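Q: This is the structure, below, for whatever I ask next.
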């Protein structure tokens with residue numbers, strides 16, 4: 001864990017190091033991924049089957065090996081114990097309600113010159129959702145990715161997920177049923193992303209690919225960006241807690257560890273104006289870790305990346321927060337709004353002492369897929385818009401063309417684009 | 001030029017070939033671009049100066065070599081002849097008005113359980129705009145890229161443009177003045193994109209890079225995607241014209257050539273239900289070409305990629321249009337709306353006989369930066385949203401946490417995330 005103090009002479013340099021700390025994998029998988037994408041593009045299902053057997057130990061022979069039926073998803077859902085089923089349903093209902101209000105509105109206006117202009121939003125035809133295998137196969141993540149797609153109006157929503165020796169997490173299947181997923185394929189890795197983008201004999205291509213994954217999956221999405229739309233290149237999770245000394249240190253310790261437990265590369269940062277509180281929180285993290293089933297991952301993250309920044313005054317926090325542009329910012333003060341007003345760059349902000357970030361991961365409603373690695377400077381959490389696109393339109397009548405056409409001819413001529421000018425002039429009788 | 005007919009037995013195959021026709025450069029510049037990006041990242045201005053001298057023949061020594069002042073831009077604007085200045089001003093005014101209505105609205109709601117949820121939009125701090133050198137330095141393109149950024153509220157808008165032997169197109173500078181560009185740097189290529197993304201000693205980094213460019217620029221943007229936001233990987237322009245036989249063939253010929261003249265790789269497609277009209281348009285294209293200053297490029301494009309598709313009935317057109325997902329779709333019929341209703345995938349649609357696409361390039365108002373290469377299936381034209389990002393927020397009070405917290409604990413436990421559960425349980429007194 002790192003300890004910084006804005007009053008220290010070395011603070012600027014230490015803080016710059018914190019801001020530029022790249023916790024993302026530098027593993028160079030680009031060349032390997034290139035080869036896999038080309039292989040799936042050229043050989044389709046045959047390549048998929050070979051790669052899946054090699055990487056996942058799963059043989060794709062029969063239809064049932066390839067994909068799981070909607071019935072299998074429904075059965076997984078029906079088999080949930082009642083409390084868990086109710087929790088998943090509450091989450092789905094709240095996520096759906098929040099995202100329904102994200103649907104954009106169309107435009108259709110005619111101005112005083114008679115120029116009609118507008119924009120019409122439509123959903124993509126098909127979307128693919130990557131669900132990681134193993135420990136990171138989270139049903140909440142499936143809901144957060146799938147529900148916005150369905151709310152957008154996507155007709156065909158396809159899940160791909162690696163099936164280690166054929167196994168897929170039943171909670172993920174239950175969530176797929178609840179979210180209305182249309183197809184579930186037991187494939188993973190870069191090869192699954194390639195199948196979604198290019199299509200194969202069995203799998204029809206999609207238009208957008210979303211969802212988290214390892215370095216290979218992330219690189220495959222990056223390389224296929226443009227062939228399909230993608231959500232974002234995602235990195236390890238992070239939280240920035242801004243807290244005064246009047247917080248329960250146990251709460252703060254638990255909040256910091258709730259990001260640390262995701263990934264050894266995750267980062268938890270506390271900004272506080274109270275040195276005693278800072279010390280107590282650091283102590284309590286040790287105590288909490290001892291009780292935590294995820295202690296190994298959480299302590300690795302906290303030791304390597306955890307940071308406590310002591311400030312003279314919490315008014316210094318927004319500038320630090322903007323430089324860090326964290327995925328999650330939690331403000332545990334009596335008047336969180338005052339600080340929030342000055343924070344421009346953050347994925348999602350959790351206001352007040354009774355709003356632990358974890359509540360946003362599951363049941364609050366807003367999306368938990370958020371920009372990491374300082375990308376909140378320029379990008380947003382997943383939304384219905386990631387599954388839609390806008391078609392603008394223009395309509396002129398003769399009078400409108402006479403009003404604005406000559407200016408367009410002037411500009412086309414200045415740009416040396418004769419046919420552009422001509423297409424207007426012939427209509428103006430010139 | 002290719003001639004297809006939906007009644008021909010070979011149509012399906014020929015149309016599939018048309019849909020999958022990749023007109024984008026396959027030039028493999030990835031490795032070279034990697035080297036340039038790393039060089040600028042490591043050595044900053046020194047690398048920029050060397051690369052600029054090598055590629056553009058422009059020596060970067062004094063401040064004046066590096067950048068052009070706002071005064072230089074104002075002087076270029078003041079020197080415009082009156083008609084051209086008025087045309088640029090009309091374009092800027094109309095583009096600004098259309099994009100101002102694109103500003104998104106914030107959300108702030110509290111539901112019946114007391115969970116407050118919302119989203120707040122803010123502009124990125126700084127945006128970079130690549131303006132190609134030479135023939136493709138279009139003032140209209142500068143307006144279309146710069147005005148949405150300024151409308152979004154971007155404080156610092158930076159233009160980079162290669163200055164062949166020091167020269168920058170004065171029309172571009174005039175447009176930069178009109179659009180309120182803050183900095184103009186005389187650098188180009190992948191090295192300029194790297195400077196925008198990483199920053200150098202002279203050039204502060206930006207958050208988003210937009211604008212068209214050659215294969216090197218496009219590849220640099222693709223590789224830096226994630227370090228900064230980018231608009232889209234852009235390919236050659238394309239138009240799909242849907243026209244019945246009651247159009248003036250000269251108008252239609254001019255419309256087809258207005259895209260063809262952009263680039264030998266551009267593509268113009270006519271869908272019509274009238275064989276005689278199709279023949280006449282093909283003839284008139286020959287006549288028009290003879291008069292056209294851009295004939296060399298336009299005829300190269302038309303000969304290689306131009307296509308006329310004869311349909312039995314224009315009702316067949318929307319399905320073909322959706323498969324092609326063209327950048328521009330022009331519908332020249334009496335009731336264009338009837339066909340437009342069935343077109344889901346298109347960058348921008350131009351309705352009716354008096355709406356040549358060229359009017360949208362300059363003065364209509366909607367953006368002319370649009371998805372190419374079938375990307376209208378999943379992406380949209382440039383907008384104010386490309387320069388903004390959304391921060392979601394959540395606030396719970398104690399009652400709200402008691403209402404939804406237990407479900408979150410249930411899910412966290414099911415996902416094996418103990419600290420997530422714990423951060424809620426400690427607050428519920430569990």
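Cβ atoms here come from the backbone N, Cα and C positions, even for glycine.
According to TrEMBL, the protein carries these features:
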type	residues	note
BINDING	A:130, A:191, A:214	NAD(+) binding site
BINDING	A:237, A:259, A:262, A:328, A:361, A:415, A:420	substrate binding site
BINDING	A:259, A:262, A:361, A:420	Zn(2+) binding site
ACT_SITE	A:327	active site, proton acceptor
ACT_SITE	A:328	active site, proton acceptor
Q: Which state, by DSSP, holds residue A:328 (substrate binding site): helix, strand or coil?
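A: The three-state answer is strand.
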Q: Less than 8 Å, Cβ to Cβ, versus chain B; work out which of the recorded positions A:327, A:361, A:415 satisfy that and list them by sequence.
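A: From A:327, A:361, A:415, the ones near chain B are A:361, A:415.
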Q: Going by Cα-Cα distance, pick out whichever of the recorded positions A:130, A:191, A:214, A:327 is nearest to residue A:237 (substrate binding site).
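A: Spatially nearest to residue A:237 (substrate binding site) by Cα position is A:327.
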Q: Rounded to the nearest angstrom, how far is the Cα of residue A:191 (NAD(+) binding site) from the Cα of residue A:262 (substrate binding site)?
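A: One finds 25 Å between the Cα atoms of these residues.
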Q: Just how many other Cβ atoms lie inside 10 Å of the Cβ on residue A:237 (substrate binding site)?
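A: The answer is 27 other Cβ atoms.
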Q: Of all the binding-site residues given, A:262, A:328, A:420, which residue's CB has the most CB neighbours within 10 A?
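A: Checking each of A:262, A:328, A:420, the winner is A:420.
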Q: In the structure shown, with every protein chain counted, which of the binding-site residues A:191, A:214, A:259 has the densest set of Cβ atoms within 10 angstroms of its Cβ?
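A: The residue with the densest Cβ neighbourhood is A:259.
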Q: Nearest to residue A:361 (substrate binding site) in three-dimensional space, by Cα, is which of the recorded positions A:130, A:191, A:327?
A: A:327
Q: Sort the recorded positions A:327, A:328, A:420 by C-alpha distance from residue A:130 (NAD(+) binding site) and give me just the closest.
A: A:327
Q: In sequence order, which same-chain residues at least six apart have a C-beta under 8 angstroms from residue A:327 (active site, proton acceptor)?
A: A:237, A:238, A:239, A:346, A:347, A:348, A:370, A:371, A:372, A:376
Q: Whole-number answer please: how many Å between the C-alpha atoms of residue A:415 (substrate binding site) and residue A:214 (NAD(+) binding site)?
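A: If we compare the Cα positions of residue A:415 (substrate binding site) and residue A:214 (NAD(+) binding site), the gap is 47 Å.
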Q: Just to verify a number: CA distance, residue A:214 (NAD(+) binding site) to residue A:328 (substrate binding site), in angstrom, no decimals.
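A: The separation of the Cα atoms works out to 21 Å.
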Q: Which three-state DSSP class does residue A:191 (NAD(+) binding site) fall into?
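A: It is helical.
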Q: Whole-number Å distance between the CA of residue A:191 (NAD(+) binding site) and the CA of residue A:259 (substrate binding site)?
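A: One finds 30 Å between the Cα atoms of these residues.
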Q: Counting other CB atoms within 10 A of each CB, which of the binding-site residues A:361, A:415 comes out lowest?
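A: Among the binding-site residues A:361, A:415, the sparsest Cβ neighbourhood within 10 Å belongs to A:415.
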